[in-house]
Amino acid sequence: MMKFQDFSSGLYVAAKFSDSTLDEIENLQRELKVPNPVPRHKIHSTICYSRVNVPYVVSTGSFEVANSGELQVWDTQDGRTLVLVLDSDYLKFRHNYARALGATHDFDDYSPHITLSYNVGPAQFSGIVQVPVILDREYKEPLKINWTEDLK
């Protein structure tokens with residue numbers, strides 16, 4: 001049973017991907033000559049970034065969660081971020097599961113994605129990419145508000 005103080009720490013949940021998916025993502029980063037690529041060991045998809053902790057149970061199993069994505073550049077407070085937006089009913093379902101438990105979300109909607117670079121500068125990217133995205137596992141940890149410090 002969760003105690004009151006457990007709810008104040010926040011919750012972060014993410015999906016990690018199979019080695020074959022990581023190989024595909026790294027190949028994509030190289031082919032596109034992505035500036036400042038996210039390193040292999042940090043490639044993930046955020047499922048839940050909640051300012052309150054909830055009793056989320058991570059999923060187990062390895063299976064395809066998407067087979068394509070759309071390249072988009074998002075303007076963020078940290079710069080121009082290149083993402084591969086995934087059409088994944090599974091990741092949306094897991095996000096909605098967290099929300100049903102009471103998790104918060106800072107944006108109007110949830111767009112499952114894999115960040116390819118947190119800083120692409122003026123470079124432009126767009127298009128649909130065929131890539132099998134295979135879940136390896138989910139993990140959860142206390143929310144780190146200053147997570148961008150880990151990127152340095």
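Placed from the backbone N, Cα and C atoms, the Cβ positions cover glycine too.
Features reported for this protein in Swiss-Prot:
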- HIS44: active site (ACT_SITE)
- THR46: active site (ACT_SITE)
- HIS113: active site (ACT_SITE)
- THR115: active site (ACT_SITE)
- TYR12, GLU141, TRP147: 3',3'-cGAMP binding site (BINDING)
- TYR12, GLU141, TRP147: 3',3'-cUAMP binding site (BINDING)
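Location within the structure of each feature annotated in Swiss-Prot.
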residue : record                   : Cβ contacts under 8 Å, 6 or more apart
HIS44   : active site              : ALA14, ALA15, LYS16, PHE17, ILE114
THR46   : active site              : TYR12, VAL13, ALA14
HIS113  : active site              : SER45, GLY69, GLN72, VAL83, LEU84, VAL85, LEU86
THR115  : active site              : VAL38, ILE43, THR81, LEU82, VAL83
GLU141  : 3',3'-cGAMP binding site : LEU11, TYR12
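The Cβ neighbour count for TYR12 (3',3'-cGAMP binding site), using a 10 Å radius and every protein chain shown, is 19.
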